[in-house]
Amino acid sequence: MTDRVSAGNLRVARVLYDFVNNEALPGTDINPNSFWSGVAKVVADLTPQNQSLLNSRDELQAQIDKWHRHRVIEPFDVDAYRQFLIDIGYLLPEPDDFTISTSGVDDEITMTAGPQLVVPVLNARFALNAANARWGSLYDALYGTDTIPETEGAEKGSEYNKIRGDKVIAYARKFMDQAVPLASDSWTNATGVSIFDGQLQIAIGTNSTGLASPEKFVGYNRQLRSSNWSVLLANHGLHIEVLIDPESPIGKTDPVGIKDVILESAITTIMDFEDSVTAVDADDKVRGYRNWLGLNKGDLTEEVNKDGKTFTRVLNADRSYTTPDGGELTLPGRSLLFVRNVGHLTTSDAILVDGGDGQEKEVFEGIIDAVFTGLAAIHGLKTGEANGPLTNSRTGSIYIVKPKMHGPAEVAFTCELFSRVEDVLGLPQGTLKVGIMDEERRTTLNLKACIKAAADRVVFINTGFLDRTGDEIHTSMEAGPMIRKGAMKNSTWIKAYEDANVDIGLAAGFKGKAQIGKGMWAMTELMADMVEQKIGQPKAGATTAWVPSPTAATLHAMHYHQVDVAAVQQELTGQRRATVDQLLTIPLAKKLAWAPEEIREEVDNDCQSILGYVVRWVDQGIGCSKVPDIHNVALMEDRATLRISSQLLANWLRHGVITSEDVRASLERMAPLVDQQNAEDPAYRPMAPNFDDSIAFLAAQELILSGAQQPNGYTEPILHRRRREFKAQNR
């Protein structure tokens with residue numbers, strides 16, 4: 001039984017109440033009684049609106065389901081379909097042209113194109129690593145990944161391999177020729193670096209040259225009479241620090257003495273309370289809020305064991321340099337932090353209220369998140385004894401990503417919520433900025449109206465093709481069987497979706513004012529493929545794109561040196577490449593599209609993916625991790641990938657492509673494989689052979705068999721209930 005404290009008409013879990021009063025409020029000048037009174041008023045006023053929006057989702061889905069059921073044997077008529085969506089208020093009139101007016105936004109969002117990390121906030125070590133990933137070693141990123149092939153004697157091995165190291169150095173030199181080329185010759189032939197009369201000089205044997213663009217030399221860091229120093233370069237708004245130490249093990253092998261090339265990497269990071277975490281009760285929520293508070297205060301620490309040694313990981317300080325003219329330059333040492341709240345659907349037992357029928361009910365989790373992540377973020381706006389030594393925003397803003405919104409009314413509700421939270425926290429109106437995830441079909445189709453609803457708060461739009469695919473399937477669940485999961489990336493609607501997001505953002509004035517983002521690279525070990533393919537995102541006009549790790553951030557950062565995103569956006573501005581009809585193209589399969597073995601392959605792939613993710617979610621409370629697929633390729637899985645897999649199988653089940661017996665048989669085939677893949681984890685609980693005794697196995701099965709009935713295909717209701725069930729059985 002959760003211990004609770006009464007705060008007005010709120011019944012607050014004591015763990016949350018004590019955290020707020022003893023840790024979060026001190027240093028904010030907010031009176032505790034006034035705070036809790038304000039929270040109660042926000043909950044009372046906005047809960048009915050939140051519920052009404054969810055009711056609208058269900059009503060629209062029911063009408064769409066009915067429309068498809070009545071036309072299932074007819075050829076698809078896009079004109080009739082479009083008019084139907086207009087008639088029911090799903091597809092809204094596009095507003096007149098406008099320009100966003102958000103103010104007080106940090107340069108990392110408005111001026112700098114670069115990678116964006118997403119990390120589960122409940123894991124302090126991951127959170128610290130991500131916040132510190134503003135700067136990363138290119139040498140380490142190349143040496144430790146498959147970006148450099150393990151051929152021709154270049155294996156990683158257990159000790160330093162000079163052959164591999166030389167390939168790393170050669171790769172880095174080639175990159176520098178692209179980002180900061182010399183006026184003549186190549187960095188590959190450089191034999192020395194010096195500064196003369198405020199200019200960078202690069203020796204090439206007995207000759208010397210400078211940079212092709214001398215203004216790209218912006219600073220250096222050197223102690224008197226020391227051979228250990230660094231040169232700071234800049235390109236497309238991103239910095240490159242060349243570390244020179246001829247006495248270091250790597251520097252000794254280099255003609256210039258370069259021991260590393262440090263890239264400005266994760267410019268921004270999203271600390272996630274949503275798809276990558278398991279937060280099903282008050283204890284979980286407070287653990288996340290406490291980490292978020294520590295990040296904003298700058299005092300979050302974590303004991304780390306590595307190579308038999310223990311050390312304390314802390315947040316990095318800012319970095320100082322001398323400018324070419326002898327002045328001072330300070331650059332941020334940490335990524336600028338966003339926080340992702342949950343969407344409008346879920347509720348939390350962290351706070352209960354009277355439901356009006358004598359029964360207590362949980363408060364909407366999105367309301368709670370806005371209040372408490374906003375409160376903690378106040379400490380990131382100032383320094384002091386009660387606020388910690390570091391700040392996050394330098395412009396007085398708090399950045400909140402809001403996911404899974406369906407249409408402009410839901411965006412407007414978020415803005416009203418943020419305004420009310422600002423009043424409770426005593427913050428100026430407009431302090432809480434919003435990042436809009438374009439990951440639900442109704443938002444995609446009405447994106448311009450969604451942006452207009454937040455025109456004075458919006459700081460980013462981002463395509464999340466994983467969730468967006470899940471909603472694409474669920475919205476048209478009754479239309480017929482969908483194409484296979486792997487074929488979705490080549491479907492008509494996806495290209496239109498990605499193009500429309502950029503075009504509409506640019507038309508609304510995002511260039512130089514807000515981020516336009518693109519989705520995650522999920523194959524965490526396949527960095528060579530990422531380096532080859534992910535450059536397509538900045539080439540498409542995105543100022544940021546998601547990466548799964550600090551290493552991936554450093555490698556992806558190279559793309560923003562190779563592509564001038566500002567120039568790309570300038571070229572794209574004024575275009576409208578996607579049509580509504582393309583966005584309305586449902587990814588339906590043709591009749592008799594697959595052989596039996598292809599169907600079995602898809603079902604086994606999806607069942608294995610679902611089990612591999614859900615077993616860690618339910619049994620261990622891990623919301624985001626590398627999950628080996630059926631071919632043992634590590635994939636970064638979160639609830640978005642789970643939504644796709646479960647919805648596709650639910651769709652095939654609904655239309656008779658497979659049966660419930662097929663699903664059960666596949667789950668039973670795949671569970672032993674997942675058990676084997678997790679055999680080295682001492683905390684792992686096998687699902688086989690007693691499948692019905694495994695809550696995780698039953699959760700995976702339920703996600704598929706009940707997938708068509710889940711609200712918008714979301715997995716949270718089943719996952720949360722099953723995780724709570726597991727925790728109750730294992731107290």
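Every residue gets a Cβ built from N, Cα and C, even glycine.
Annotated acetyl-CoA-binding residues in Swiss-Prot are V118, R125, F126, R313, P548, and among S265, S276, S491 the one listed with them is S276.
For the glyoxylate site, Swiss-Prot lists R340, G464, F465, L466, D467; matching the candidates E365, E439, E498 against that entry yields E439. Comparing the Cα of F465 (glyoxylate binding site) with the Cα of every entry in F126, C624, D638, these being the recorded positions, the smallest distance points to D638. Taking the recorded positions R125, R313, R340 in turn, the residue surrounded by the fewest other Cβ atoms inside 10 Å of its Cβ turns out to be R125. Proximity to S276 (acetyl-CoA binding site), defined by a C-alpha to C-alpha distance within 10 angstroms, is shown by the following recorded positions from E439, G464, L466, D467, D638: D638. Note on the recorded positions V118, L466, C624: the fewest other CB atoms within 10 A surround the CB of L466. According to DSSP, G464 (glyoxylate binding site) is assigned to coil rather than to any helix or strand. Following the DSSP three-state reduction, the secondary structure of R340 (active site, proton acceptor) is strand.
Within 10 Å (C-alpha to C-alpha) of C624 (cysteine sulfenic acid (-SOH)) lie the following recorded positions from R313, R340, D638: D638.
The record assigns R340, E439, G464, F465, L466, D467 to the glyoxylate site; their largest pairwise CA distance measures 17 Å.
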